[in-house]
Amino acid sequence: MVLSAADKGHVKGIWGKVGGHAGEYAAEGLERTFHSFPTTKTYFPHFDLSHGSAQIQAHGKKIADALGQAVEHIDDLPGTLSKLSDLHAHKLRVDPVNFKLLSHCLLVTFAAHLGDAFTPEVHASLDKFLAAVSTVLTSKYR
């Protein structure tokens with residue numbers, strides 16, 4: 001998936017608006033994923049999956065940090081996410097569809113919190129960005 005210059009600008013702009021809430025929003029998106037798609041819980045049998053648990057918050061921060069790195073290095077997603085791709089493909093063996101499910105729930109969460117800043121153009125660009133991140137994260141599965 002090729003991100004246009006406009007897409008990259010929208011992603012960087014909205015990530016700037018997310019700011020210090022990135023970990024909180026990512027944790028909410030993760031929790032939303034667990035509720036909307038219960039099969040995703042199978043990868044977290046050791047987690048306390050209750051609302052706002054410390055483990056969900058901590059994993060949300062990891063997700064947010066990885067996305068922040070991806071935004072910062074938007075022109076080199078494969079290089080930026082290579083180690084994370086290895087981890088998910090070879091050690092964790094996460095079903096690739098779960099990245100799409102999480103991406104969807106992250107979009108819903110961002111839309112709920114960002115209001116008018118989450119324009120249709122931003123939505124489309126962020127969707128393309130998350131799809132590109134998902135593609136990179138699943139690239140080592142082949």
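Cβ coordinates are placed from backbone N, Cα and C, and glycine is handled just like the others.
Annotation comment: Swiss-Prot describes His59 as O2 binding site, evidence class sequence analysis. Counting every protein chain shown, the Cβ of His59 (O2 binding site) has 18 other Cβ atoms within 10 Å.
Residue environment of His88 (heme b binding site) contains 21 other Cβ atoms, counted within 10 Å of its Cβ in all protein chains. Under the three-state DSSP scheme, His88 (heme b binding site) falls in the helix class. For His88, the entry in Swiss-Prot reads heme b binding site, with the evidence type sequence analysis.
Residues annotated as domain 'Globin' in Swiss-Prot, with sequence analysis given as evidence: 2-142. Taken together, the residues of the domain 'Globin' (2-142) have an average pLDDT of 94.
Taken from Swiss-Prot, the feature phosphoserine covers Ser4 (among others), and the record attributes it to similarity to another entry. Look at Ser4 (phosphoserine): DSSP puts it in coil.
Non-local neighbourhood of Lys12 (N6-succinyllysine): Val71, Ile74, each in the same chain, at least six residues away, with C-beta under 8 Å from its C-beta. Annotated N6-succinyllysine per Swiss-Prot: Lys12 (among others), in sequence order, evidence recorded as similarity to another entry.
Close to Lys17 (N6-succinyllysine) in the fold, though at least 6 residues off in sequence, lie Leu114, Ala117, each with a CB less than 8 Å from its CB. Marked as N6-succinyllysine by Swiss-Prot: Lys17 (among others).
The phosphotyrosine annotation in Swiss-Prot covers Tyr25. Every protein chain shown contributes to the tally, and the Cβ of Tyr25 (phosphotyrosine) ends up with 21 other Cβ atoms within 10 Å. DSSP assigns Tyr25 (phosphotyrosine) to a helix.
Residues or ranges marked as phosphoserine by Swiss-Prot: Ser36 (among others). The Cβ of Ser36 (phosphoserine) has 12 other Cβ atoms within 10 Å, all protein chains considered. Secondary structure at Ser36 (phosphoserine), taken from DSSP and collapsed to helix, strand or coil, is helix.
Counting only same-chain residues six or more apart in sequence, the Cβ atoms lying under 8 angstroms from the Cβ of Lys41 (N6-succinyllysine) belong to Phe34, Leu49. If you look up Swiss-Prot, you'll see Lys41 (among others) marked as N6-succinyllysine, on the strength of similarity to another entry.
For Ser50 (phosphoserine), the number of other Cβ atoms no farther than 10 Å from its own Cβ, over all displayed protein chains, is 10. In the three-state DSSP scheme, Ser50 (phosphoserine) falls into the coil class. The feature phosphoserine is assigned by Swiss-Prot to Ser50 (among others).
Sequence-distant neighbours of Ser103 (phosphoserine): residues of the same chain at least 6 apart with a C-beta under 8 Å from its C-beta are Asp127, Leu130, Ala131, Val133, Ser134. Residues or ranges marked as phosphoserine by Swiss-Prot: Ser103 (among others).
In this view, Ser125 (phosphoserine) is surrounded by 22 other Cβ atoms within 10 Å of its Cβ, with every protein chain counted. Sequence annotations record features per position, and here Swiss-Prot assigns phosphoserine to Ser125 (among others).
For Thr135 (phosphothreonine), the count of additional Cβ atoms within 10 Å of its Cβ stands at 16 [all protein chains shown]. Positions annotated as phosphothreonine by Swiss-Prot, on the basis of similarity to another entry: Thr135 (among others).
Around Thr138 (phosphothreonine), the same-chain residues six or more apart in sequence whose CB sits under 8 Å from its CB are Ser85, His88, Ala89, Pro96, Phe99, listed in sequence order. What Swiss-Prot lists as phosphothreonine is Thr138 (among others), and the listing cites similarity to another entry.
Sequence annotations record features per position, and here Swiss-Prot assigns phosphoserine to Ser139 (among others) based on similarity to another entry. The Cβ of Ser139 (phosphoserine) lies under 8 Å from the Cβ of Pro78, Ser85, each of these being in the same chain and 6 or more residues away along the sequence. Under the three-state DSSP scheme, Ser139 (phosphoserine) falls in the helix class.
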One should report the C-alpha separation between Thr135 (phosphothreonine) and Ser36 (phosphoserine), rounded to whole angstrom, as 22
Cα of Ser125 (phosphoserine) to Cα of Tyr25 (phosphotyrosine), in Å and rounded, measures 18
Cβ atoms other than its own within 10 Å of the Cβ of Ser4 (phosphoserine), all chains, total 10
